[in-house]
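Working notes, structure below.
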Amino acid sequence: MAKQIIFGEKVRVSLKKGVDTLANTVRVTLGPKGHPVALERKWGAPTVIDDGVTIARDIELPDAFENMGAQLVKEAATRTSDAAGDGTTTSIVLAQALINEAFKNIAAGAEPINLKRGIEKAVAALKAQLRKNSTPVKGKQQIVQVATITGKDPEIGNLIADVMDKVGKDGVITIEESRGLRYETSYVEGMQFDRGYISAYFVTDPGRMESIMEDATILMTDRKIETVAELLPALEKILQISKNLVIVAENVEAEALATLVVNKLRGNLNILAVKAPGYGDRQKAMLEDMAILTGGHVISKEAGRKLDSVTEADLGHARRVVSNKDKTTIIDGEGSAEAIKNRIKQIKAQIEETESAFDREKLQERQAALVGGVAVIAVGAATETEMKERKARVEDALAATRAAIEEGILPGGGTGLLNALPCLDALKLEGDEATGVSIVRKALIEPVRWIATNAGKDGNVIVDKVKNSPVGHGYNAEKDVFGDMAEMGIIDPTMVVRSALENASSIANMVLITDSLVADIQDKNPAPPMPEAPGMY
């Protein structure tokens with residue numbers, strides 16, 4: 001296909017337009033008085049939401065070059081969401097400020113590479129200072145505060161704190177939709193392991209990049225499945241029992257994987273393929289744990305069994321299976337309580353007998369997976385639109401709470417970034433590198449400015465007051481007062497603030513040194529779509 005190419009100043013103009021279009025849409029959601037954005041859906045009511053990364057993911061611009069700018073800033077939000085679960089709007093606001101300030105200086109004759117070096121040195125110093133300023137989470141009340149701020153609801157804050165109190169900071173917590181009107185919590189048998197779906201084609205929720213399987217039938221094997229010949233007889237048997245199939249295998253490859261994907265896309269069956277956790281003997285043991293939890297049996301090479309020997313009794317069952325690219329959670333397996341209890345006793349005995357610290361750790365992980373179970377938070381509401389918005393807030397609150405426990409907390413409301421600014425005074429740089437540091441200084445005020453602006457205040461006035469306040473003091477936009485942010489319960493997880501700054505600067509540096517863009521020339525009369533292929537397999 002023929003390409004269109006632009007250079008120099010045209011590149012900066014196009015990228016800036018794309019960055020500004022996306023950032024201006026998202027930044028209105030920042031802070032406790034931020035405004036939601038309505039996203040059109042192809043069917044049904046629009047989704048009204050104030051989650052920055054969800055809004056950003058929905059934006060595609062018609063101009064190919066402007067869209068590149070938007071997609072790069074979207075990447076900053078997505079990386080922050082993946083790392084910390086929150087801070088996505090902050091990362092977009094910071095990226096926009098860094099890019100716009102850098103472009104002004106480039107237009108005035110600054111060298112992009114030297115600006116980039118200055119920005120990198122400033123961000124490295126700020127990250128170190130943020131870690132120094134961070135304080136560990138102390139007690140349940142601070143967990144309530146973190147979850148309340150991110151979830152924008154005290155009920156969500158108390159809910160997350162109560163659940164984490166019961167399952168522990170490393171416990172498995174899942175969030176699902178409910179037919180009720182409020183929040184409900186339950187604790188069920190379940191396990192989570194560090195393997196995700198084999199192919200993204202199995203995703204059922206593109207927004208969260210997750211595959212969710214209700215009333216799942218589970219086939220477990222330590223075999224590698226490569227050909228249709230070995231898969232098809234088993235598949236035909238299972239389809240007579242259930243159309244919701246989860247395959248947990250050493251691997252599914254080549255022809256077999258292609259067959260599953262094609263049938264999934266055609267709607268012939270609802271399927272998810274996941275790699276089995278662990279390796280060697282540990283993999284066999286974990287598959288056996290899974291089989292006991294779900295009431296099935298492992299189709300094992302050691303037992304001389306092939307896939308075509310599968311029977312209904314071999315299949316495990318669970319109320320729900322959720323898988324992303326990294327993890328899979330089995331919820332409410334239908335295994336016998338007595339069998340699970342006996343398996344836990346067996347693992348305990350192995351822990352006592354082993355002399356290897358590594359083996360003991362892995363056995364304890366298996367024991368925790370069977371003993372701990374899974375906490376389920378069911379989110380309900382009067383309408384589907386409200387329910388999805390609530391669910392997104394609960395997910396963000398949970399992710400932010402885990403981040404706070406891991407790296408500690410800072411004063412919230414953008415104050416943590418402003419408190420770290422003095423560390424830049426120690427950087428003795430010259431020329432364009434010093435200008436790069438100044439660009440970062442200007443960008444760091446933007447989160448506070450936009451929190452205040454969205455609350456109907458003059459953002460610049462609020463920023464000046466916060467800068468001249470004691471360390472840890474900032475602006476409470478919810479109550480329109482200044483004071484000690486920690487005492488007012490306004491705190492941010494250090495990981496969220498650090499990730500937002502790190503990812504915003506990374507994307508900004510990429511944008512400011514880019515000097516040419518290449519895109520396809522769009523056909524004004526595109527070809528009609530291919531007709532759907534008939535038949536199964």
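Cβ from N, Cα, C; glycine included.
The feature ATP binding site is assigned by Swiss-Prot to T29, L30, G31, P32, D86, G87, T88, T89, T90, G413, D492. Taking the Cβ of T29 (ATP binding site) as reference, residues of its chain lying under 8 Å away and at least six apart in sequence are, in sequence order, H35, P36, V37, D50, D51, G52, I55, T89, N454. Secondary structure at T29 (ATP binding site), as computed by DSSP, is helix.
Summarising the environment of G31 (ATP binding site), the number of other Cβ atoms within 10 Å of its Cβ, over all protein chains shown, is 24. Counting only residues at least six positions away in the same chain, the Cβ atoms of L30, T80, G414, P447, V496, V497, A500, A504 sit under 8 Å from the Cβ of T90 (ATP binding site).
Non-local neighbourhood of D492 (ATP binding site): G87, V146, I149, I409, L410, P411, G412, G413, G416, each in the same chain, at least six residues away, with C-beta under 8 Å from its C-beta.
Secondary structure at D492 (ATP binding site), taken from DSSP and collapsed to helix, strand or coil, is strand. Among T29, L30, G31, P32, D86, G87, T88, T89, T90, G413, D492, the residues given in the record as binding ATP, the maximal Cα to Cα distance rounds to 17 Å. Taking the Cβ of T88 (ATP binding site) as centre and 10 Å as the limit, one finds 31 other Cβ atoms among all the protein chains shown.
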